[in-house]
Amino acid sequence: MGKRDNRVAYMNPIAMARWRGPSQSAGPTIQDYLNRPRPTWEEVKKQLENKKKGSKALAEFEEKMNENWKKELEKSREKLLSGNESLYKKRERKKKKKKKSCRSSSSSSSSTDSSSSSPDSEDEKKKEGKKRKKKKNHSCKSSESSPCDSESESKESVKKKKKSKDETEKEKCLRSLSKKRKKTCPEDKPLSLESSSESDYEEEMQAKKKRRCEEQEKATEKAKKKKKKQHKKHSKKKKKKSGSSHKSG
C-alpha cells in the first residue's frame, strides 16, 4: 500500500479576494466620507458671527459684575481708611502733647542750669575728650599685647599646675612618713613635724633620683650588650657563608 497524498494546492489570497469580489460591509466607506455634505463659506461666516455675539454678551455681563465689585471695594476701603485715620490722628495728638511737655520741662531746666553749667560744660567736654583718647590708646596697646599676654598666661598656668602637683606629692609623702613613724616608734615623743617631715622628704626625693639614674644606666648597658651580641652573631654568619662559598668553588 502506498502513502496517501496529503498535499494541498497553494491558493494566492489576493487572487482569491479578487475572485470573491467586493465585501459587503455595514459601515460607511471612504468615498462616503469624502462625499459628505459640507457648509459653504457664507454659512461659516454666519457661525463665527454668532459665536462672537455670544462672547460679547459674556463680556458685558463680566464688566457689570466687575463694576459692582469695584463699588463694594471702594466702600469697604473708605470705612477702613476712616477708622485708620481716626487712630492715626489720635496717636499724632498724643505725640504732640508729649513733645510739648518735654520741651516745656527741658526749657525750664535749661534756663535754671544755663547760668551755672556754662563753665562746667566746657570742662566736662575737655575731660570727655581726654577719656576718649585714653581709651583709644589703651585699646591699641591691648590689641598689640594680646598675643604676648596669651603666651605669658599659658606659661603661668603651666607653672601653677606644676606647683600644685609638687605640693600634692609633698603632702602624700609627709602623710606616709608620719604613718610609718607612728608604726615604728609609737612610745617616743612627737618631734617638730615640719622640720622632720621636710628633711625626710628631701632624703626620699634624692634616693628616688639615684634609683632612676641607676635604672637608666643599667638599661643603657643592657642595650649596648645586646647590640654587641647581635653584631658578633652577624659577623659569625657572614664568616660561615664566605667559607661555604669558598668550599663550593
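The count begins at 1 with the first shown residue.
The backbone N, Cα and C atoms fix where each Cβ goes, and this holds for glycine too.
What TrEMBL records for 90-102 (among others) is compositional bias 'Basic residues'. Distant neighbours of the compositional bias 'Basic residues' (90-102): none; no residue of the same chain at least 6 beyond its ends has a Cβ under 8 Å from one of its Cβ atoms.
As annotated by TrEMBL, compositional bias 'Low complexity' applies to 103-119 (among others).
According to TrEMBL, the feature compositional bias 'Basic residues' maps to 128-139 (among others). Packing against the compositional bias 'Basic residues' (128-139) from elsewhere in the chain is no residue: none 6 or more residues past its ends has a CB under 8 Å from a CB in it.
The compositional bias 'Low complexity' feature in TrEMBL is assigned to 140-149 (among others).
Summarising the annotation, TrEMBL assigns compositional bias 'Basic and acidic residues' to 164-174 (among others).
The compositional bias 'Basic and acidic residues' annotation in TrEMBL covers 212-222 (among others).
Feature annotation from TrEMBL assigns compositional bias 'Basic residues' to 223-249 (among others).
Annotated region 'Disordered' per TrEMBL: 74-249, in sequence order.
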